[in-house]
Amino acid sequence: MGVKTFTHSSSSHSQEMLGKLNMLRNDGHFCDITIRVQDKIFRAHKVVLAACSDFFRTKLVGQTEDENKNVLDLHHVTVTGFIPLLEYAYTATLSINTENIIDVLAAASYMQMFSVASTCSEFMKSSILWNTPNSQPEKSLDAGQENSSNCNFTSRDGSISPVSSECSAVERTIPVCRESRRKRKSYIVMSPESPVKCSTQTSSPQVLNSSASYAENRSQPVDSSLAFPWTFPFGIDRRIQPEKAKQAENTRTLELPGPSEAGRRVADYVTCESTKPTLPLGTEEDVRVKVERLSDEEVHEEVSQPVSASQSSLSDQQTVPGSEPVQEDLLISPQSSSIGSVDEGVTEGLPTLQSTSSTNAHADDDDRLENVQYPYQLYIAPSTSSTERPSPNGPDRPFQCPTCGVRFTRIQNLKQHMLIHSGIKPFQCDCCGKKFTRAYSLKMHRLKHEVIS
């Protein structure tokens, strides 16, 4: 009769062994090593520590039975981070919270307990750790099939969520696109699925509820007109609108936006950082020039150099009683090729600030001015005169005529002055056909025809 073999496999044997070893440690029996962390003593067994940590295995294997070697100092570990790891070695249960997770992660990395370190990293990346007690219930993750050991996570409200030590992929939170301080604006999207509010008042990261809707929104094509670039010539956005127009548009947007429209705006807003051009520091030095409005006194003083059509319209708009002075920061590149490029960047942004009456009266004049090409290069040089008062924003008169060397504080004045050297007279009277260099002269000439008629 053959020999019969019976094999018994106990699933609870490992847990019972760990429990008994933990009892021996708590009672102080058979403890052969002392761990000192921040002047606090912990008794443990070498075999358990060496089996759990490669750091302790390297330290303890091959040592002689010397009394002084039984005390091991851990200088780069805190008590708050070491106690959960010691409990994990004897119970296979890791208890962490928002207060000690940083210390536990640092201690696990130092002690070469990489499975625990990856678990802490997954907790920090997940949204479970940083949710408030008033938020939705935390999702519990299923235990891994290969590793049956579980990690208990203690949240702020005291609930424990079992998570496998392997910490499978947790649903990632969608990062919120944060604009720069100069471009930071209030952006509100009303959606029935997941309302999101991104504004300057919110400092905590917002989480979108539905990841499927986010993927669907990302798959939609992005409108090139809405995905605005971050920098414009001379700091002027060509889609800038008056304050009243912006308020009216925001009111219409918040009333009843469609689902597709809201989803498209979320996709455009999230992708704004990806479209941001990154330039190395020091590639191009920009000269910052603040354009101030012309007061009534300055207009009378500069009769010898009247303003152009665009600036006269801007001055008329700004001198209306009750209107606020409009100021714009211009970034003038020293590498600008010609005045024509400068004129395109400025004149395309200025008509949005003009009044309705001035736009209708001088629309033809603006078209003539935009079609003029100036064969002169813009020369911006620092002031060399010792008598001029230094300015914190740069030279007081950064714009210099390349023909006669006269300096101006405003680029519009330089363009008007250069028309004299070029001999171009783009402004023509509709009644008599007489041509003028400046729009102001044409405007005064038209008054004569109006008086005669």
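The backbone N, Cα and C atoms fix where each Cβ goes, and this holds for glycine too.
LYS4 (SUMO2 cross-link) has a Cβ environment of 5 other Cβ atoms inside 10 Å. Look at LYS4 (SUMO2 cross-link): DSSP puts it in coil. The SUMO2 cross-link annotation in Swiss-Prot covers LYS4 (among others).
Here Swiss-Prot flags SER135 (among others) as phosphoserine, drawing on similarity to another entry.
The feature region 'Disordered' is assigned by Swiss-Prot to 135-157 (among others).
Here Swiss-Prot flags 145-157 (among others) as compositional bias 'Polar residues'.
Under the heading phosphoserine, Swiss-Prot lists SER159 (among others).
Marked as phosphoserine by Swiss-Prot: SER161 (among others).
Per Swiss-Prot, the feature phosphoserine maps to SER165 (among others); the stated evidence is a large-scale study or a structure entry.
Annotation comment: Swiss-Prot describes SER191 (among others) as phosphoserine.
The phosphoserine annotation in Swiss-Prot covers SER194 (among others) and rests on a large-scale study or a structure entry.
Swiss-Prot lists SER199 (among others) with the feature phosphoserine.
Positions annotated as region 'Disordered' by Swiss-Prot: 241-266 (among others).
The SUMO2 cross-link annotation in Swiss-Prot covers LYS290 (among others).
Among the features that Swiss-Prot reports, region 'Disordered' is placed at 295-324 (among others).
Per Swiss-Prot, the feature compositional bias 'Low complexity' maps to 304-318.
The region 'Disordered' feature in Swiss-Prot is assigned to 336-366 (among others).
Look at Swiss-Prot and you will find 352-361 (among others) tagged as compositional bias 'Polar residues'.
Residues belonging to the zinc finger (399-421) score a mean pLDDT of 82 in the model.
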